Amino acid sequence: MSDVKTEDPTGENRRAVVQGTDASAATPGGRDGGSVGERSVAGAVDVDTMPTVVMIGGGQLARMTHQASIALGERLRVLAGSATEPAAQVSPDVVIGSHENLDDLRRAADGAVALTFDHEGVPVELLAALEAEGVSVLPPSTALIYAQDKLAMRVKLSELGLPVPDFADLNGPDATGDPAEELRRFGEAHDWSIVLKAVRGGYDGRGVWIVDSAEEAMSMLAARADDTHLIAEAKVDMRRELSAMVARSPFGQGATWPVVETVQRKGQCAVVVAPAPALPTDVATAAEEMALLLAQRLGVVGVMAVELFETTDGRLVVNELAMRPHNSGHWSMDGAVTSQFEQHLRAVLDYPLGDTRPRAPITVMANILGAEQTPQMSMDERLHHLMARMPDARVHLYGKQEKPDRKVGHVNLVAPLDASPDSAADVAELRERAERAAYWMSHAIWTDGWDEHSD
Ligand SMILES: Nc1ncnc2c1ncn2[C@@H]1O[C@H](COP(=O)(O)OP(=O)(O)O)[C@@H](O)[C@H]1O
Ligand SMILES: [Mg+2]
């Protein structure tokens with residue numbers, strides 16, 4: 001488990017990446033207009049001979065990928081909507097533009113050896129156009145479609161014989177019949193224990209509606225069916241949610257990290273425990289093998305998270321795919337030999353993949369989510385107090401303004417070497433500390449009642 005495997009030892013596909021549209025314009029400042037924040041790197045010869053990867057999207061995933069690129073002596077170019085986005089604040093090579101505009105995407109891709117993503121939002125037609133012009137889009141549009149479109153993903157996974165919840169297309173272009181009738185038929189067949197989902201564009205639980213009755217489902221459909229393509233799926237009776245992260249390179253190497261447990265609150269990931277505590281070895285192996293198989297069969301390049309449900313009777317069901325660094329892999333920054341961010345770069349650059357073994361018996365990641373009311377105490381002061389109280393907390397802040405439930409950072413804590421993921425007490429202790437740290441960073445309140453000034 002958790003090692004690097006190679007599909008294609010002959011190396012036929014080695015360096016499958018295609019150069020950008022105009023390699024002569026690869027130097028910073030060499031592209032047409034619209035770039036900001038490019039700092040002069042005159043004299044930085046080594047940097048200029050290293051390959052440029054462009055990431056579409058300037059969020060925290062791009063910011064942390066940039067962080068990994070620095071260690072490799074490289075720079076990540078980002079296409080960001082504005083100079084204030086998390087990655088645009090830190091990369092010296094920022095193209096300001098829209099991921100929905102082909103010319104902006106072309107400008108961003110110019111001279112880059114690979115174009116990759118921090119979100120799923122680029123229309124697939126634009127990606128196909130870039131590919132036709134010779135841009136190396138990784139993961140390719142033919143794979144990315146299964147991370148963009150939940151219906152296409154459900155259909156494809158069913159074809160591959162992988163376990164998915166029952167589903168029905170309600171109002172898509174290929175749907176047959178009346179959406180309300182279809183919903184009634186599906187709902188009745190599943191005792192109205194169902195979930196409605198937007199096929200595209202949802203994230204962090206936006207675009208997912210867990211309904212409890214026929215009335216609720218019907219009114220949800222009536223309110224959204226005109227402008228949103230919806231599917232219904234069976235609500236899965238689950239013990240917990242898991243994630244299997246995998247990386248795949250064009251050369252055909254694949255590598256999995258240990259399967260983790262993800263804890264969602266309000267439909268979004270809040271806590272991750274790595275590895276998933278007390279997960280039977282055969283289930284963990286099946287999940288990792290499923291992730292490797294999917295990466296290969298879909299032609300994924302880069303990292304992919306396979307979100308899974310562990311059902312109450314111990315089976316695995318695939319929820320969805322994310323073909324980019326993912327919240328369930330943030331633990332790897334401090335808890336694994338190779339982080340998901342470096343691995344993503346290695347994969348899209350077709351470098352050999354890094355070792356994915358954990359560095360500690362347990363790592364817990366807790367997201368720092370904006371509080372309902374932003375605390376009076378500044379983030380700087382909260383950080384200071386956290387450091388004083390928990391010197392082992394690894395804090396990652398994204399440079400984002402605090403807003404309710406917004407992901408503004410995360411904390412990783414690793415367990416001592418004598419801890420075990422099979423010990424409920426060891427897991428609970430580390431989890432309590434990580435969640436206490438993250439809650440402090442969000443709320444300036446210690447959940448154990450500690451007073452930073454008097455204790
Ligand atoms: N079929 C389902 N049965 C039970 N819970 C579900 C189901 N689908 C989604 N959920 C819950 O909603 C969350 C978000 O759904 P998901 O499809 O992963 O959307 P998003 O793209 O917002 O992450 C999941 O992590 C899970 O907690
Ligand atoms: Mg999800």
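Just so you know, glycine gets a Cβ as well, placed from its N, Cα and C.
All annotation found in TrEMBL is predicted automatically rather than curated by experts.
The ATP binding site annotation in TrEMBL covers Lys150, Lys197, Glu233, Ala234, Lys235, Val236, Glu241, Asn319, Glu320. Sequence-distant neighbours of Glu241 (ATP binding site) (same chain, 6+ apart, CB under 8 A from its CB) are Glu261, Thr262, Val263, Gln264, Glu307, Leu308, Phe309, Glu310, Asn319. In three-state terms derived from DSSP, Glu241 (ATP binding site) belongs to an extended strand segment.
Residues or ranges marked as compositional bias 'Basic and acidic residues' by TrEMBL: 1-15.
TrEMBL lists 154-349 with the feature domain 'ATP-grasp'.
Summarising the annotation, TrEMBL assigns region 'Disordered' to 1-38.
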Across the binding-site residues (Lys150, Lys235), the Cβ with the fewest other Cβ atoms inside 10 Å is that of Lys235
Just name the winner among Glu233, Glu320 (the binding-site residues) by count of other CB atoms within 10 A of its CB.
Glu233
Per-region confidence, the domain 'ATP-grasp' (154-349) (mean pLDDT, whole number)
95
Those binding-site residues, Lys150, Glu233, Glu241: which ones have a Cβ sitting under 6 Å from ligand 2?
none
